[in-house]
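Record features, source Swiss-Prot:
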- 135-145: compositional bias 'Basic and acidic residues' (COMPBIAS)
- 171-180: compositional bias 'Basic and acidic residues' (COMPBIAS)
- S217: phosphoserine (MOD_RES)
- S238: phosphoserine (MOD_RES)
- S240: phosphoserine (MOD_RES)
- 130-149: region 'Disordered' (REGION)
- 165-186: region 'Disordered' (REGION)
- 208-248: region 'Disordered' (REGION)
Amino acid sequence: MFRFMRDVEPEDPMFLMDPFAIHRQHMSRMLSGGFGYSPFLSITDGNMPGTRPASRRMQQAGAVSPFGMLGMSGGFMDMFGMMNDMIGNMEHMTAGGNCQTFSSSTVISYSNTGDGAPKVYQETSEMRSAPGGIRETRRTVRDSDSGLEQMSIGHHIRDRAHILQRSRNHRTGDQEERQDYINLDESEAAAFDDEWRRETSRFRQQRPLEFRRLESSGAGGRRAEGPPRLAIQGPEDSPSRQSRRYDW
């Protein structure tokens, strides 16, 4: 019933039987340079060092497979192959030293058994990178079942990193802050943060994200004023599309 996802033209009478044909066709042309340009040239010098052509697996026609849409030797398996090729090209462009990248992934789990409020788990991971081994990582977790809300932000320069993690439980009111250092001593944290800000200022004329520390006030504490701003801007940071941030 279903075929391998392969190059077909809209006038092909079997075209409508392949629900992913248009998507696969566009992806194949992008990866093989069929459009004659790259969406990443605007942030490079116009060259595409290290990019790879689409694999033969993407361009070859396949055979009829009744299990194709179940992800067995066709269908989604071919989509995974195309995505792997795209990720590989992204890695090669980043290694070229003249490219900024942004990636984001989100997982959401929803459960409603009918006896109480629905249970929702959401986890989002983001990464921004710039030449020179500069990266900013961000991970947020929300779990309605346990009441946990957690956010961690990491600043990386090659193999060194300073990671700040904050969590709170909106049911119990408990809050926790933790800082991790990779190939750094705690005494070097301030100098590392200054270096990270200097490096990122070359790519964006805007105050980079700063770690806001809780200031002790007796048994409790208060947080610094002002929302964080990311040094390496991603698509969701545009004025027309502001994502929700956890500002604790």
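Every residue, even glycine, has its Cβ placed from backbone N, Cα and C.
Within the compositional bias 'Basic and acidic residues' (135-145), the DSSP-based counts of helix, strand and coil residues read 0 helix, 9 strand, 2 coil. Per DSSP, the secondary structure of the compositional bias 'Basic and acidic residues' (171-180) breaks down as 0 helix, 6 strand, 4 coil.
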